Amino acid sequence: MTAPDPLTLALGMPKAELHVHIEGTLEPELAFALARRNGITLPYADEAALKAAYAFDSLQSFLDLYYACADVLRTREDFYDLMLAYLKRAAADKVIHVEVFFDPQTHTARGIPFTTVLEGLEDGLAEGLARYGISGRLILCFLRHLPEEECLATLAEVEPWLERIHGFGLDSSEKGHPPSKFVRLFARCRELGKPVVAHAGEEGPPAYITEALDLLGAQRIDHGVRAVEDEAVLARLVREGIPLTVCPLSNTRLCVFARMSEHTLPRLLAAGARVTLNSDDPAYFGGYLNDNIRAVQEAFHFDAATWYRLARNSFEASFAKATEKAGWIARLDKYFAAAGVSPGCG
Ligand SMILES: Nc1ncnc2[nH]cnc12
Ligand SMILES: [Zn+2]
């Protein structure tokens, strides 16, 4: 039997996605359908005009559009449709577990009750499990462009639903909003017994990664791609086995790197960092997880062992129970064995 090429293997391998913003999975087609259903006029004539606006030169230029489009999400059914549409795409890419970010402040600020958001997303996760066999968790992200006091008020507001929120994260505009702004907020999150993650080192400097670890107690760093700029920060990430949820298409679309060939992913891997691959905001950045894999493979020509490592990292870095992780890794090993490939690691 001839072994499949590394790209074919990577596209078909079971994997987890640990960094995807549900609001960032809103495809233009669904945005217009929800706008029609809710009697809202989007400031774009049609789907093509909206897509034409996806020319970003920075994180902020993207966030402005991302928050504007989220306005079409109004009802529990809207959040359900959004989640289910994402899970369908993820299942097609052989994703078997997802840890999904959501930004409740984007919605509660518009008068949408938190329960509408939570229940709609949970309905979608339940249906996704039934239809596609994907397990899912929700990670609530705080918007870092807002004052810490407002985020503390949001946390107090969601405490009654704590057992339905798996963890807490920090997203939105990174520059000028360092992790140190949110020390009290994340101390409270940890006090509540929840895992914490934070976007850091996307556009911001490596020092923000250090702050996220030391001041917020982040257990995973979302992006972290600028860690290579500080040897000590990178060495620490490697030594402590801190997972990085890297999103290659996001980074090129938001001009963190001018082109994929300049991405720091190979350097992070070569240093021994615990990297995972993810799609971030797939509707806006040119694709879902397997589109990221295709773009990475075109630039870097990874071997089968590297793809195995990336998939294995995605399971190991998840917040699932150890028994679940062991089951997924066994499934991954079986997949590689059935393809006649011995990845030579793990
Ligand atoms: N890439 C990103 N960085 C920070 N906040 C975000 N919110 C949605 N996508 C984001
Ligand atoms: Zn993100």
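One-based numbering along the chain as shown.
Heads up, the Cβ atoms here are built off N, Cα and C, so glycines get one too.
As recorded in TrEMBL:
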- 14-334: domain 'Adenosine deaminase' (DOMAIN)
- Glu202: active site, proton donor (ACT_SITE)
- His223: site 'Important for catalytic activity' (SITE)
- Asp281: substrate binding site (BINDING)
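The number of other Cβ atoms within 10 Å of the Cβ belonging to the residue listed as 'substrate binding site', over all protein chains shown, comes to 23.
Looking at Glu202 (active site, proton donor) and His223 (site 'Important for catalytic activity'), their Cα atoms lie 5 Å from each other. It is 13 Å from the Cα atom of Asp281 (substrate binding site) to that of His223 (site 'Important for catalytic activity'). DSSP classifies Glu202 (active site, proton donor) as coil under the three-state reduction. The most densely surrounded of the recorded positions Glu202, His223 is His223 (count of other Cβ atoms within 10 A of its Cβ).
Taken residue by residue with DSSP, Asp281 (substrate binding site) is part of neither helix nor strand, so it is coil.
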